[in-house]
Amino acid sequence: MDVSNASVQVVGMALQRFGLADYLVFVSMLLVCALIGIYYGFCTGKMSEAEYLMGGRNMQTFPVAVSLVASFISGITLLGTPTEIYVYGIQYIYIVGGVITMGFIMESAYLPVFHNLQLTSTYEYLERRFNKHVRLYGSFLFTLALITWLPIVIYVPALAFNQVTGINVHIITPAVCIVCIFYTCVGGLKAVVWTDVVQTVIMFGAMVLVVIKGTVDVGGLSIVWERNYNSGRIEAPIWDLNPATRHTVWVLVIGGFVHWLQGSAMNQYQLQRYLALPTLSSARNALWLFVVGALSFILICSYSGMLIFATYYDCDPLTTKLAAAKDQLLPLLVMDALKGMPGVPGLFVAGVFSAALSSLSTGLNSMAAVFLEDFYKTWFTRQPSPRLTKILMKMVVVVMGAICVGLVFVVEKLGTVLQMAMSLSGVTHGASLGIFSMGLFLPWVNSKGAMIGGLACLGFMSWVCLGTQAAIAAGEIIFETKPVSVEGCTYDFVTPTPAFMNATVKPHKDEVFPLYRMSYLWYTLLGAVVSMTVALIASFLTNPVDPASLDPMLLSPVIRRFLPKKEVQKQDVNMALLSGYKFTDRLCITVTTTDTDVCECEVMDLDTESTTTSVDDKTEDFCENPTRDTLAEGLMCLLKPTIDQLDERVRATRISQVELKQQIEVLSEELKKISESQQCLLDIDVYVRKLINAKLKVTVVSNILQNVQDRLNKVHQQIAREQSRRRALLEPSPIATPLEATNPSIQ
């Protein structure tokens, strides 16, 4: 339409053309999500607690990886990242270095610990490493983080919907969230994962379509690049070491790495998906697929910001108020660029809402797991019945969803969603990252130190983050933005500023408290450092933990190799440590010598408790010192028959495990055949799933026994080498006969 001399209000109304096709596309997305929830909630049989929360721990890698992407890439990313590039330039794109670094560190240092422990709630780790109180504190931090994050996630797509339809934010938010709460409540984790897959396809498809159409309309990639370069948005990396500089390479790579690490490695809603996979290798594959997917979204959203500026380079919609808020820039581009394509604006809005709903459903499902495992089961000694468990989990989903919808009223009073989300998350994320990291990397930290450090961090970061937000709201902190222009506007608008302006004048930051001036991406790192430092000091003042007394599986693989080794007389073969799974049965070999130097060997039963240290991968030489020859010979005398006996027991157990696994597979196939042939109401699928779970457990035990067998083989080889060496050293050389002595050729 011709907008010459028209008012900005008229132009804005003209762009709010959400037709019937758009509404149909949007409603179809919600309907598909609801149907997935109905299918998993009512058509697949009754779900146990493990299936509701963890998907039975046998989910497939690709859908879980897609779900990880959908959960982390919320509407905040889809709308906030383009706004960031439009307003501040492309420096933010260097955060991809932090994301890649996060992948390597999480794969090697964090993920193996959590996956091997097979937790339902991530915060179970804190109880095993410290105590129940630290676990409850960690769960409290997670709950607080969700309550501050999810309302922002909900608010973002409502902004987009308001831009393209004019419908009030407070009308659309409850309506859409009810659908999300419904399918999360009835479908459990499987419904959440598969709706995430659908929503991710919609998200990515919508963004690609917008980018392609917008680029063509502008005139091509060269025009997009040229206009952004001329405005100073495309610039060289900033290497400034000043922590007050909003975005530098150091801030984005280091601070971004820590921010993404906390969100990926220690958050229940992310780890819950990794733990739903059957093996550590599949979890690692999902991690790298997640990294690739996240990078793809960051790059395409960053380019969208460049495309927005290239489209409105001479008529800034923020200055003219064509876009009511900064985070409505991308929806404005969609309605402007795709106005002649019925249904496509609806696809975009569906994509933005998909991003929000995936994050919301993930958060609600994770909150159900945390409430049940960390709060209810910790406070009440009596375990809930299956029926009560389902009621509790569904109540948590509904109540938390209602709270988050209500808090949307608060969120709309705050600023830019991307910085706001990362800033507020620094209050809890720093403490959470610090507590988990001190448990994994600082074996001296005790429970008192962990609690003191966590509380100190929460108080300190609350002061910093809230003080910073107050300073920003009061106009004391204004970040320098890139220049914009309104010289090419063809419609009427009211503005008190010149036609071409630098959006802000650099403020006198020296008047603001230094910590308030710090870049928001440092918050999580600062909180973690404060938490770990205070915890370490408090622990050394209150009886630090002896590292040798810790279960090595509670420490990061990076730290385990440096643990001190004990000299013991009882060699404890702890099957939990050999495999990474925790069991109560322990196999202990006790070696003693009597006053008459008679060797006695005792093999204790599997139900006998032991508190001695675990077998190390490397069995040291029995006697590097010749003065210990006699003791070494005695130890070899004792160990050889005992290890032989243990070897036989392990071999027999492995054979039994293999036979049991084969029987389970045969029985599972028979039940499937009966289920297909019988026309009855008997729910045989439940028994089939139980058999599958039993088969997985048998596989775990078989792996444990294989590890035991490998270690026994090493000990056998060590004993054989030691015996050969000793025989060579201790046997006297043969005495030469007189004939041999006089005639060496005989020898």
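A Cβ is built for glycine as well, from the same backbone N, Cα and C atoms used for every other residue.
Small disclaimer: the values here were computed from a predicted structure and weren't measured.
Annotated in TrEMBL:
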type     : residues : note
TRANSMEM : 20-42    : transmembrane segment
TRANSMEM : 62-80    : transmembrane segment
TRANSMEM : 92-113   : transmembrane segment
TRANSMEM : 134-161  : transmembrane segment
TRANSMEM : 167-189  : transmembrane segment
TRANSMEM : 245-265  : transmembrane segment
TRANSMEM : 286-313  : transmembrane segment
TRANSMEM : 347-371  : transmembrane segment
TRANSMEM : 391-411  : transmembrane segment
TRANSMEM : 417-442  : transmembrane segment
TRANSMEM : 449-472  : transmembrane segment
TRANSMEM : 520-541  : transmembrane segment
Review point. So which of 20-42, 62-80, 167-189, 286-313, 347-371 has the most C-beta pairs under 8 Å when paired with the transmembrane segment (134-161)?
Key: 347-371
Study note, to complete from the structure: Highest Cβ pair tally under 8 Å against the transmembrane segment (20-42), stretches 62-80, 167-189, 449-472, lands on 167-189
Point to revise | Contact set, same chain, for the transmembrane segment (92-113): CB under 8 Å, 6 or more residues outside the stretch | key: 81, 84-85, 125, 237, 247, 249, 252-261, 264-266, 274, 280, 283-284, 287-288, 291, 294-295, 298-299, 302, 436, 440-441, 553-558, 580
Check your understanding: Are the transmembrane segment (167-189) and the transmembrane segment (391-411) close enough that 3 or more Cβ pairs fall under 8 Å, when only pairs 6 or more apart in sequence count?
Key -> yes
Point to revise | Residue numbers, six or more beyond the limits of the transmembrane segment (520-541), whose CB comes under 8 Å of its CB atoms | key: 243, 246-247, 251-252, 254-256, 258-259, 262, 419, 422-423, 425-427, 429-431, 433-435, 437-438, 442, 444-446, 448-450, 452-454, 456-457, 460-461, 464-465, 468
